[in-house]
Amino acid sequence: MLDLQSCCLRPCSTYLLVSDLGHPMLRNSTLLKIVSQYGLAKNMKLCNGFSYQVNSSIFCLFNYFCKIPESPELPSWFIFPSSEKSAVPNLNDNFVLPSLVKGGSNGAHDLKTCHTDVFSEILDCGVNEISELLKASCFESPEMVVHALDACNLDVSKTLVDKILKRFSNNWIPAFGFFNWANKQAGYNHSSDAYDSIIDILGKAEQFDLMWCLVDEMIQRKDFFSLITLSKIMRRLARTGRWKDAVDVFHRIEVFGLNQDTSAMNILLDALCKERNVEHARDVFLELRGRISPDANSFNILIHGWCKARKLVDAHLMMEEMRKYGFHPCVISYTSLIEAYSSDKNFRKVRLLLSEMHENGSPPNVVTYTIVMHALGKAKQTQEALEIFETMKKDGCSPDTSFFNSLIYILGKAGRLCDADDVFKQMSTSGIAPDVTTYNTLITSACDNSQEDKALVLLKKMEKSSCKPGLETYAPLLKMCCKKKRMKTLQFLLNDMFSKDISLELGTYTLLVRGLVCSGQLEHSCLFFEEMILKGFLPRKHTYNMLVKELERKNMEKARCKIQELMVQAENKHPLQAFNQTQANSFG
């Protein structure tokens, strides 16, 4: 059994595939020079004859996973990644990843493709080398990251910076350290996009002092601070309950080189409404409307905010206010109301509003019908949901990708998986391309119905299309692995996510911790709980309580004490969030 205390595990690299350590790129990698500087290195000889120094936590986890008996959950090509066995999947394996097998050479490429592939490969090598270094150690400060990266000898480009910041978007210390290191490199200057990305990362991590320092840098650079930057700052401030600070940013907007106009006001209103501060948004609107003329979008933002807060009387009053200003409620206005009533399963009111839309010359569009159909499907009124399609066709409204996605979801929830597959096939014949949500919906449906091989085939098909998998794609797969105790597949998927620049966030960590607790994998659950805190997240109280309770039940006293200590550390770093969680629990 893995002893968390004896190895002092720092699980920031829990999902590093062992096969990566034997990659030719890493044989002379600066990664191997760096980890020894922090007292984290341990000699390890791999089967290919090369010796490496690797992070002690990687070594501990590697050693643990290697002691797990091989199971039929994975085929031979996964168990023996370096071609020790045939790369052809074994059809007798229970849980095969057939479509994830990397094929051999395709022979000659044309010259254009060859040039592009070489450039892409060089870039990927740089991204991977930096990524492996950043996740090999738990850096305590951005300065430590800069010091570690100084050993790298890489050309920095805008594309490389964008990829690294995206890959570490939920881990502010390596992201900010890399950002500072890149800024020192000769021949490179950060773009406004890079500044926007790191400001969003720091705001997400509540590192507002550092964020404001970067804002000052942006102000010094002409045309760097934009409405996009303003939107990111306001959203992050509002999300952490700092709505007064968000309003103050608007009042000081000239300092950033912007104007107090309708567009900027709408960004503030939108940030407040999306973070469920519609009352404050209303107060701001009342204060500003005398000197900044609102437009139809201003009213639609507030209507949507009231609808999200389920204060539908206020939403209707705002619609009346909209009319007084000379704006007619449009399809956006009505659709917000219809979405709220649909969520409340008040379909009588929905039908009345649909009729009113026709009478007022703002007929429902495909978005409106999709919302209604989706709500009916969730309410298990499948036949009524399918009838919406006929109603929509009578109105001359053509379905789009989102409509078909909702239809696939409804059929999947109703257990009509074959019909859902038929809809997916019909999309292409109808000239409607599937999007990320299409694949996410199909993968979720397959996982919910324990169709593991189908889910992974869909994942590979998605990768071959123009659709890029995201957190929502992998979440049902991770949940399925936890439920079925597929630890090797879980490890594979997490590494696959990292290679695609998908950074884990609080929701994903919560899913992993809770899922592993439910499946009895407490050691793994503790690893992810610790990693969550090391990356700057505050675990949700019910997740923490669930883990501690199960550790007590299993008499795992050392692990329980460790988890409790980690939670105290996290709460000390996030006092406002901890207070809000306590308040929510007291009223829950």
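Don't overthink the numbers, they just go from 1 along the chain as shown.
For all residues, glycine too, the Cβ spot is worked out from N, Cα and C.
TrEMBL annotations:
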REPEAT    226-260  repeat 'PPR'
REPEAT    261-291  repeat 'PPR'
REPEAT    295-329  repeat 'PPR'
REPEAT    330-364  repeat 'PPR'
REPEAT    365-399  repeat 'PPR'
DOMAIN    378-523  domain 'PROP1-like PPR'
REPEAT    400-434  repeat 'PPR'
REPEAT    435-469  repeat 'PPR'
REPEAT    505-539  repeat 'PPR'
Helix, strand and coil totals (DSSP H, G, I; E, B; other) for the repeat 'PPR' (330-364): 26 helix, 0 strand, 9 coil
Long-range neighbours of the repeat 'PPR' (261-291), counting only residues six or more past its ends (CB under 8 A): 227, 230-231, 234-235, 237-239, 243, 246-247, 249-250, 253, 297-298, 301-302, 304-306, 308-309, 311, 314
The repeat 'PPR' (226-260), counted residue by residue under DSSP: helix, strand, coil: 26 helix, 0 strand, 9 coil
Three-state composition of the repeat 'PPR' (435-469), taking helix and strand from DSSP: 26 helix, 0 strand, 9 coil
